[in-house]
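Take a look at the structure below.
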Amino acid sequence: MNEIGLIGLAVMGQNLALNIARKGYSVSVFNRTSEKTKEFLEERVKNEKIEGYHDIKSFVESLKKPRKIILMVKAGKPVDDVIQELLPYLEKGDLIIDGGNSYFKDTSRRIKELKEKGILYLGMGVSGGEAGALHGPSLMPGGSIEAYEMVKDVLLKIAAQTESGPCCTYVGNDSAGHFVKMVHNGIEYAIMQAISEVYDIMRKILKFSPEEIGDVFERWNNGELNSFLMEISFKIMRYKDEETGKHLVDLILDEAEQKGTGKWTSQTALDLGIPTPSLSLAVEARSLSFFKEDRVKLSGKVKKTYPDVKLDKEKVIKDLENALLFSVFTSFSQGLWLIHEASKTFEYNIDLPEVLRIWKGGCIIRAKILDFLREILNENKENVNLLDSDKSISFLMDKLDSIRYVTNLAKEFYIPTLVLSSSLDYFLSMVEGNLPANLIQAQRDFFGAHTYRRIDKEGIFHTEWEPID
Ligand code: NDP
């Protein structure tokens, strides 16, 4: 009898199964397409105790009770399909853990439906890609604490280990785990886009080669910007295509794909009324990139006249570093605000500093700055967007001139900076006591009698702005 079952042997499932087995647990695996199970056992399993099954009944029967089954299948309908296939063979008290990028509302529904059948369910965010899954991912399990206790030991062992402990914690009730993973991905989109924007400025304005940009990225990675995404970016800059000998990054089509988690983050932020412009603009940037044909056509119709400026390259690089730090900070701040609001609305009971702690290792957004963010949150856990702290304000104000300069410079050279600019505008909005929303309220009241409030007296007002007949 094996201790853990795992369904779904694509990249994530294979690596996670190996990781679990290498920590000393016996694992049964199953994949819809049997051939993949066979290949996995033949090609990747060496001394690990992993057994493959080709029908779901014998897979379930191979597991110790209460059974613990991890799903690593495509998010959406496949998860429901697999649950339906499993149900006839499961018993009360068995546990299903969905480790895919499921939409949090689907997870809430599944938890409820399975609870009625006596089956426990955890929605667990897994971050770190295939290497993370194999060597130690960041794990974000949510659901009932009872379900978590059943697999806590395994999860803590397979997670990435840092000096502040394993990158796994019980995130919270219900779909808290998948919610946090969704926002993690929203932040990931924003940081990736911000890095791409500074790359664009370096190649188009400073005329740097990928090698030179790689050197700058590596230098940044040794400082405050130290992070997984910075590290892979400098490695990408240096990577040469074997066939052509050219830098591979220069040969890659500029159409960024997406699987939905970034979009869900923005949609949810809009639903909950929390401003996340940098996260949303990162999704928009990917959508814009997809209109390659139109972009190419239109670029031929616009005559671009570039300013004749002599730039101090070292200064521009320093400003770009600051601008990126500013954008990374504000992207995290927006994401954390969203998680905080969701935690209240959906009663997740999420501990935000703990979330930052488990993002420190294994995951795609692991970064040095997380320590600073945790320090700010630990001073005041109700500082939901991190801005209400002298440390945050001083950190951002130190970089304000840089991000202003960089975004202005980019515009002069016709370079879009959706995330850098929106990070700056987010900050400027949040530190502005007098926004022009008074005019919007007046316009709403003018055409739709939507009413408004006043600054000089209490009450709700409506004005006949002009006679309607
Ligand atoms: P995919 O998302 O590409 O999913 C492929 C797996 O799902 C295969 O095992 C496939 O089986 C199975 N599957 C698809 N449809 C069905 C179905 N209807 N019934 C049963 N099984 C089905 O694999 P990944 O390994 O990339 O990701 C797994 C999960 O982890 C996804 O939810 C993904 O979003 C998430 N994730 C992925 C990361 C990554 O870096 N790739 C990082 C973090 C999370 P078959 O072989 O038969 O087609």
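Using N, Cα and C of the backbone, Cβ positions are placed for all residues, glycine too.
A quick note: this is a predicted structure, and the numbers were derived from the prediction, not measured.
Here TrEMBL flags LYS181 as active site, proton acceptor. In the three-state DSSP reading, LYS181 (active site, proton acceptor) counts as helix. Packing around LYS181 (active site, proton acceptor) is summarised by its Cβ count: 30 other Cβ atoms lie within 10 angstroms of its Cβ, all protein chains included.
Among the features that TrEMBL reports, active site, proton donor is placed at GLU188. Applying an 8 A CB threshold to same-chain residues 6+ apart, the list for GLU188 (active site, proton donor) reads LEU229, GLY262, ILE364, ILE365.
If you look up TrEMBL, you'll see GLY8, LEU9, ALA10, VAL11, MET12, GLY13, ASN31, ARG32, THR33, VAL73, LYS74, ALA75, ASN101 marked as NADP(+) binding site. A coil conformation is recorded for ALA10 (NADP(+) binding site) in the three-state DSSP classification, outside any helix or strand.
Sequence-distant contacts (6 or more apart, same chain, Cβ under 8 Å) of HIS450 (substrate binding site) comprise GLN441, ARG444. What TrEMBL lists as substrate binding site is ASN101, SER127, GLY128, GLY129, HIS184, ASN185, TYR189, LYS259, ARG286, ARG444, HIS450.
Under the heading domain '6-phosphogluconate dehydrogenase C-terminal', TrEMBL lists 177-466.
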Whole-number Å value of the largest CA-CA distance among ASN101, SER127, GLY128, GLY129, HIS184, ASN185, TYR189, LYS259, ARG286, ARG444, HIS450, listed as substrate-binding: 49
Distance-selected recorded positions near ligand 1 (C-beta under 6 Å), from GLY128, LYS181, HIS184, TYR189, HIS450: none
Least Cβ-crowded entry, counting other Cβ within 10 Å, from the binding-site residues listed as ASN31, THR33, ASN101: THR33
Mapped DSSP class for TYR189 (substrate binding site), helix or strand or coil: helix
Fewest-neighbour residue among binding-site residues, criterion Cβ within 10 Å, set LYS74, HIS184, ARG286: LYS74
Shortest C-alpha distance to ALA10 (NADP(+) binding site) - which of the binding-site residues GLY128, HIS184, ARG286: GLY128
